[in-house]
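Visitor: Before I ask anything, let me first share the structure, which is written out below as C-alpha cells.
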Amino acid sequence: MTSVSRRPRRLRVCPECELVVGLPRLRPGEGAECPRCRHTLVRRVPDSVQQVLAYASAALLMLLFALPFTFASFEIQGVQQQIAVAETASMLFYDSELLLALVVVLAILVFPALFLAGVSFIYMKIAFREVNAWHRSLARLVMRLHPWMMADVFLIGVLVSMSKVASMADIAFGPSFWAFCIFVGLLLKTVTSIDSDRLWFALAGEPSLPAHLQAGVNAGEQGITGCELCTFPIPAAGQDKCPRCGEHTRLPATATLERTWALLLTGAVLYVPAMVLPIMNTVSFGATTPQTIIGGILHLAETGSLPIAVIIFVASIVIPIAKLLALGWLCWVARRAQTLKPGIQIRLYRITHFIGRWSMIDVFVVAILAALIQAGVLMSVSPGPGILPFAAVVIITMIAAMQFDARLLWMAEKQSTATAEQG
Ligand SMILES: [Zn+2]
Ligand SMILES: [Zn+2]
C-alpha cells in the first residue's frame with residue numbers, strides 16, 4: 001500500500017470514516033488506503049480492462065458448460081439418480097419451497113451470469129471508447145449484485161453434502177461439476193481484476209471537485225459527503241446524486257441505526273424456528289428422520305466427519321449469532337460518545353460484512369441433498385420447515401450489515417473527543 005503523502009491528484013472521501021483523502025499517483029499493482037481507518041480506497045490492477053474481459057468471458061463460457069451435463073450422481077442398491085446443477089433449485093420448486101428455489105437459482109446462477117454479462121458488456125464498451133450515461137447506470141446495478149453472488153459458497157455446500165452421504169451411498173461428480181469449479185475460480189478472478197476507480201473514471205471521467213475541499217479533514221466538517229459507491233466528494237446539501245457515478249447520496253444519520261436494529265430483531269426472532277425446526281427430513285429404508293441444524297452437526301461429528309461438523313458449526317451457529325451480537329453492539333456504540341478508539345469496531349464491522357454469506361452453506365446442502373438423494377424408501381431427502389427461516393436469517397443479517405453506516409462510529413469518536421476537550 002502506498003501512503004497518501006505524495007502530491008494528491010484527486011480527492012476522495014473514505015466511505016468508512018468520511019476522511020477526505022488525496023489519491024497519490026499510483027503505478028500498476030499499487031494501492032492506496034485511508035490513513036485513518038486503513039480502508040482500501042483504490043487498487044490499481046495492471047491491464048484491468050483486458051484482464052476483466054478475458055476472465056469474465058471465460059467464466060461465462062464455463063457457466064454455459066456447467067449447465068447441461070451431469071453435476072453429481074448418486075447410487076444406492078442399484079437405484080441411480082443424476083442431477084444437473086440447476087436441479088438443485090428446480091427440485092426445491094417441486095417440493096413447494098418456491099422462495100428457497102428462487103434464492104438458490106439467483107445466488108448461484110442468475111446473479112453471477114448477469115454480473116459477468118454486465119461486466120463484459122461495460123468493459124467492451126470501455127475498450128472501444130463507446131461509453132454513455134446508460135452504461136454508468138448499468139455499472140451501478142452490476143456492482144450492487146456483487147455481494148449476492150454465492151457460487152463459491154455453493155461449492156463448499158457441495159463438498160459438505162457429499163461427505164454427509166458418502167458413507168451411505170455411492171457419490172460421483174460429473175463433467176458439469178468440474179466446469180462449475182473452473183467457473184467459480186474465473187468468477188473470483190473477474191471480481192479481483194476490477195479496478196473500480198479506473199472503471200468510474202472510464203465511464204464518467206473526473207467531474208470538478210467542490211470548492212475549497214481539503215485533504216486530511218473530515219468531509220462532514222467541510223459540508224461534504226462521499227459517494228458510497230465511487231467515493232467522489234459531493235456537497236452535503238442540494239445534491240442528491242453523485243456527479244460521477246449517479247448513485248444516490250446517503251448522509252451519515254443515526255436514524256439509519258433504527259433500520260439496522262429492526263432487521264437484527266427480525267433476524268434474532270427467525271433464528272429460533274431456524275434452530276428448533278428440522279431443516280431436512282431423511283428417509284432411510286422406510287424410516288423418516290427429521291434433522292435440525294444442531295442434530296446434523298452432532299450426526300456428522302458422531303459419524304467421524306469432524307472437520308465438516310466444525311465447518312457447519314461455525315457457518316450455521318457461530319457466524320449468525322456472532323453477527324447479531326456484533327451488529328447489535330456496533331449500533332449501540334455508534335449512538336454514544338465513547339472513549340474506545342473505533343479501530344476495533346471497524347475491524348469487527350468488516351469481518352461481519354465479509355463472513356455473513358458463508359452461513360448459506362447449510363441452505364445449499366439441503367438444496368443439493370434434496371435434489372440428489374431421491375431413491376424412494378431406500379433413501380431420500382426433502383427440505384424441512386426450518387430451512388426457510390434459516391435462509392431468511394442469513395439474508396436479513398446480510399442486509400443489516402449493509403445498512404449499518406460505519407461512518408457513525410467515527411462521528412461518535414469525534415463527539416467523545418469534543419466532550420473530553422470541553423471537560
Ligand atoms: Zn477511512
Ligand atoms: Zn459516485
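Cβ coordinates come from backbone N, Cα and C, glycine included.
Sharing the features that TrEMBL gives for it:
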TRANSMEM  52-71  transmembrane segment
TRANSMEM  98-124  transmembrane segment
TRANSMEM  145-165  transmembrane segment
TRANSMEM  171-188  transmembrane segment
TRANSMEM  260-280  transmembrane segment
TRANSMEM  308-334  transmembrane segment
TRANSMEM  355-381  transmembrane segment
TRANSMEM  387-404  transmembrane segment
Visitor: Counting only pairs 6 or more apart in sequence, are there at least 3 Cβ pairs under 8 Å between the transmembrane segment (52-71) and the transmembrane segment (308-334)?
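Guide: Taking Cβ pairs at least 6 residues apart, the transmembrane segment (308-334) and the transmembrane segment (52-71) are not in contact, as fewer than 3 fall under 8 Å.
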Visitor: Would the transmembrane segment (308-334) count as touching the transmembrane segment (260-280), i.e. at least 3 C-beta pairs under 8 angstroms with sequence separation of 6+?
Guide: yes
Visitor: Can you name the far-off residues of the same chain, 6+ from the ends of the transmembrane segment (308-334), with a Cβ under 8 Å from a Cβ of it?
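Guide: Residues 156, 160, 163-164, 254, 257, 260-261, 264, 267-268, 271, 293-294, 296-298, 300-301, 340, 345, 348-349, 351-352, 355-356, 358-359, 361-362, 365, 390, 393-394, 397, 400-401, 404-405, 408-409, 411-412.
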Visitor: Cβ under 8 Å, sequence separation of at least 6 from the ends of the transmembrane segment (171-188): give me the contacting residues as numbers and ranges.
Guide: 55-56, 58-59, 62-63, 65-74, 82, 84-85, 112, 115-116, 149, 151-152, 155, 158, 162, 165
Visitor: Report, as numbers and ranges, which residues of the same chain sit near the transmembrane segment (355-381): CB under 8 Å and 6 or more residues beyond its ends.
Guide: 72-74, 76-77, 79, 81, 83, 87-92, 95, 100, 103-104, 107-108, 147, 150, 153-154, 156-158, 160-161, 164-165, 168-169, 279-286, 293, 296, 311-312, 315-316, 319-320, 323, 387, 390-391, 393-394, 397-398, 401
